[in-house]
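The next block holds one structure in the form of structure tokens; read it before the comments.
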Amino acid sequence: MSAAFRKAAKTRQREHRERSQPGFRKRLGLLEKKKDYKLRANDYHKKQDFLRALRKKALEKNPDEFYYKMTRAKLQDGVHIFKENKEEVTAEQLKLMRTQDIKYIEMKRVAEAKKIERLKSELHLLDFQGKQQKKHVFFFDTKKEVERFDVATHLQTAPELVDRVYNRPRIETLQKERVKGATPQTGLKRIAKERQKQYDCLTQRIEREKQLFVVAQKIQTRKDLMDKTQKVKVKKETVNSPAIYRFQTRRKR
């Protein structure tokens with residue numbers, strides 16, 4: 001009970017504060033207290049210990065010591081710079097490999113491939129930026145035929161339509177069919193914008209399908225590595241391809 005009474009008595013006790021800086025020495029600057037001195041002293045001793053340890057390490061250094069880290073380091077302006085290793089797996093690939101199964105990734109890849117085929121059939125890859133330009137080759141027997149050759153006459157179409165790879169009607173069709181009125185400029189812009197949007201979507205889906213294929217290959221490679229068969233790494237893993245191993249040939253029973 002006495003301890004409880006002592007605590008209760010201390011609640012009404014006067015608070016003892018540390019003496020502030022006297023007015024007559026204010027011109028000399030801030031008066032350092034003991035807690036300030038301890039912080040300064042501890043910081044000083046910590047730095048001295050660190051310097052002492054560095055001097056000892058420099059004295060005891062073996063000039064013939066070697067670390068494998070030295071093979072990818074060089075000294076530039078007195079500073080050691082280490083070569084950065086090439087990224088083998090992206091963060092998105094690593095997340096997929098850790099959280100998803102190979103069957104799920106293969107299913108998503110097949111779904112993306114089907115969507116790509118559907119978009120290709122709708123767009124017919126008209127003026128697609130990633131598509132290789134096709135060539136139309138004409139064959140002739142003599143040089144005179146080559147000199148007299150005219151593309152528009154040969155294709156039986158108007159000269160203005162020669163550069164088209166699609167919707168290139170013949171002159172007979174143009175004479176028979178009724179020509180529709182000119183499309184407004186706003187309508188043409190809207191159609192071009194929608195088509196560009198579809199091409200962007202197609203490009204993204206093609207890239208995603210490639211990434212899913214790479215992830216599936218990397219997961220399969222990691223599964224194959226669980227086999228105890230002796231193997232040798234032939235090619236390192238990169239962002240766009242899995243590592244390649246050569247396994248020891250084993251005769252199956």
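Heads up, the Cβ atoms here are built off N, Cα and C, so glycines get one too.
What you are looking at is a predicted structure, and each value in this text was computed from that prediction instead of being measured.
Range annotated as region 'Disordered' by Swiss-Prot, chosen from 1-26, 131-156: 1-26. SER241 (phosphoserine) is 49 Å away from LYS143 (SUMO2 cross-link) when you measure Cα to Cα. Spacing of LYS120 (SUMO2 cross-link) relative to LYS218 (SUMO2 cross-link) is 28 Å (Cα to Cα, whole number). Long-range C-beta contacts of LYS235 (SUMO2 cross-link), restricted to its own chain and to partners at least six residues apart, with a cutoff below 8 Å, comprise SER241, ALA243, ILE244. The C-beta environment of LYS83 (SUMO2 cross-link), restricted to residues of the same chain at least 6 apart in sequence and closer than 8 Å, consists of ARG72, ALA73, LYS74. Secondary structure at LYS235 (SUMO2 cross-link), as computed by DSSP, is strand.
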